[in-house]
């Protein structure tokens, strides 16, 4: 395990600046004294686009490659046309760094606002494919803007891409106590892509006899996320279904404000990126109202990815304890929550 961390920091837009500052505060507090943390901040996002028209210049993309990991705050602003930052920055990073795993843990923490509160058995992970599906830009339109317009959005699925994400999901399931993996797709209608996923899943399953498996159509999975979340341990699915399911998973386990995520390159060829799921919330930016918990939990994912398991667990324990003590009667600022978590992980 490396005894130094070279971290790229992209605060981004809106509340991103505030929550990233708290994530770094907790990171500095939890690391052992013999671990050297170096950070470099990158000015990317809406303000940069307004000033220069740049989203992610090639020079900065090249510089980002040299870091061990990336911590991202939030990207997006209503003053920027939809899709400019999403495709020009976030998706460009994801594809350039081959982040083929989007990792989204879903765990019910104590004292959280959800209709499923009081069910301690909600603890699963969604492994979403990150570089294929309908997000590759494979499509187009004819006779655009006319009553006869035709639009296509093609979902790209390759045997190579599917197998590597399925294999990663089996590895994660094998390392967890329950050792269960569920494939989610819609192979009764999406027969070509669906059969590629199911056949690959079944082939790889033969190499992991210790992992129990099952399959669900995506519509059934959405029902069970709400009615039987305890049935899930690790879930693997494609890019589009995963995008939808992970937000539902966040809702049933306490809300997007507590949801962390990792865009992972498991090979280590490129740095992985970790970020809270929530948006930039420009309506509350700069007011100290943003809860940095999701960013702090993203820091835990980052540490675990880099091999700092004990430190990651301390952050998660601190978050659990902090949430358990919240009663809603006193509103704390962003800084106050970050300070409290930093004290807990350092003690």
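Just so you know, glycine gets a Cβ as well, placed from its N, Cα and C.
Quick caveat, the model's predicted, so the values are computed rather than measured.
Per Swiss-Prot, substrate binding site is recorded for 94, 104, 128, 219, and the stated evidence type is sequence analysis. Under DSSP, residue 219 (substrate binding site) is assigned to a helix (H, G or I) in the three-state scheme. Its Cβ placed at the centre, residue 219 (substrate binding site) has 11 other Cβ atoms within 10 Å.
Annotated Mg(2+) binding site per Swiss-Prot: 219, 243, 247, in sequence order.
Contacts of residue 287 (NAD(+) binding site) defined by a Cβ separation under 8 A and a same-chain sequence distance of 6+ are given as none. Residue 287 (NAD(+) binding site) falls within neither a helix nor a strand when secondary structure is assigned with DSSP, and so counts as coil. For 279, 280, 281, 282, 283, 284, 285, 286, 287, 288, 289, 290, 291, the entry in Swiss-Prot reads NAD(+) binding site.
Within 10 Å of the C-beta of residue 135 (site 'Important for catalysis') there are 21 other C-beta atoms, taking all protein chains into account. Summarising the annotation, Swiss-Prot assigns site 'Important for catalysis' to 135 (among others).
The site 'Important for catalysis' annotation in Swiss-Prot covers 186 (among others) and is backed by sequence analysis. Just so you know, the Cβ of residue 186 (site 'Important for catalysis') picks up 20 other Cβ atoms within 10 Å once every protein chain is counted.
When the Cα atoms are compared, residue 135 (site 'Important for catalysis') and residue 279 (NAD(+) binding site) turn out to be 19 Å apart.
There are 17 other Cβ atoms within 10 Å of the Cβ belonging to residue 243 (Mg(2+) binding site). Nearest Cα neighbour of residue 247 (Mg(2+) binding site) among the listed binding-site residues (104, 285, 289, 291): 104. Our reading of the NAD(+) binding annotation (279, 280, 281, 282, 283, 284, 285, 286, 287, 288, 289, 290, 291) yields a largest Cα to Cα distance of 16 angstrom.
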